[in-house]
């Protein structure tokens, strides 16, 4: 933990519907810094003065190796920073990821308020278009849009981390988990002395609202996810995806999938105090059968992939990796959180087990 943190900063993009160059053209035109692994990963190597993501980052660059251990708890090797702005608040935010001791868990620290907020399912207090955590002892201390970062941490097997943030929302960056995966790759991961525990699902658990549902089912080992979505917009329609969760699958199948919204809903969201920092640089905007982003989609079914990314981030609030099978249809942040409440409030539905034999990360 010694030495200055590496720092990565992101520009403030234009608002929704105003176009924009997109992350890729920004990177091509403005990155003059060395790539990850070239003088950036040693202790004490600062990144002061950086004005954007290190060269070498793109959604397609996420093939760098990651060896998330499966038997022991894991933290980062060194601190790393990034600077961006919130999707909904529009507020500038500096995020610092700091290695933490075994048993700490994932903890957000509002440095401007002086409160710690554990990333726990029962600290989730708002699920309108994002997942928002609130400090148990201070209702005014909260941090929103945590799900993309939480998904990346879960996928890389990070058990213990202090996340310092000087504002109310995690930076949206490009709207996916890819930049967070890149930051973790740059910082490196370190196995710790204590064993990791997992939560094994013992019986089916289901929550539903209307025709939307989310379920957890038992499995002997590992964790798999199956999700279907259905939207009136022809550009999305009905999409479905099933995958086995491990670090490589997340990296290649989910990490670069971006958040999305409907063009017709933007003004209503802003009137509700949401999407103030949204742009075509950090979200897909859909208008009927059209995708308004000039670069189009990163993959044909990017929408269901992003929804599955959100599921991974929301389920990470359980505090330990899950062993079982997730099945969902038209689920969102609220239903994902309700699923964890239903699971963990029923002592007969789960048990903690040693990760030595049953952690999905052991295969990563």
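Each Cβ is built from the backbone N, Cα and C atoms, and glycine gets one as well.
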Looking at TrEMBL, which one out of 88, 142, 148 binds Zn(2+) in the same site as 306, 310?
148
I want to check the contact list for residue 306 (Zn(2+) binding site): same chain, sequence separation of six or more, C-beta distance under 8 angstroms. What comes out?
176, 254, 257, 258, 259, 260
Using a 10 Å cut-off on CB atoms, tell me which of the recorded positions 148, 333 is the least crowded.
333
Write out, in the order they occur in the sequence, the residues of the chain not among 148, 306, 310 that have a C-beta within 8 Å of the mean position of the C-beta atoms of the recorded Zn(2+) site.
147, 151, 176, 177, 257, 258, 259, 307, 308, 309, 313
In the chain carrying residue 310 (Zn(2+) binding site), residues 6 or more apart in sequence that have Cβ under 8 angstroms from it:
147, 148, 151, 332, 333, 336
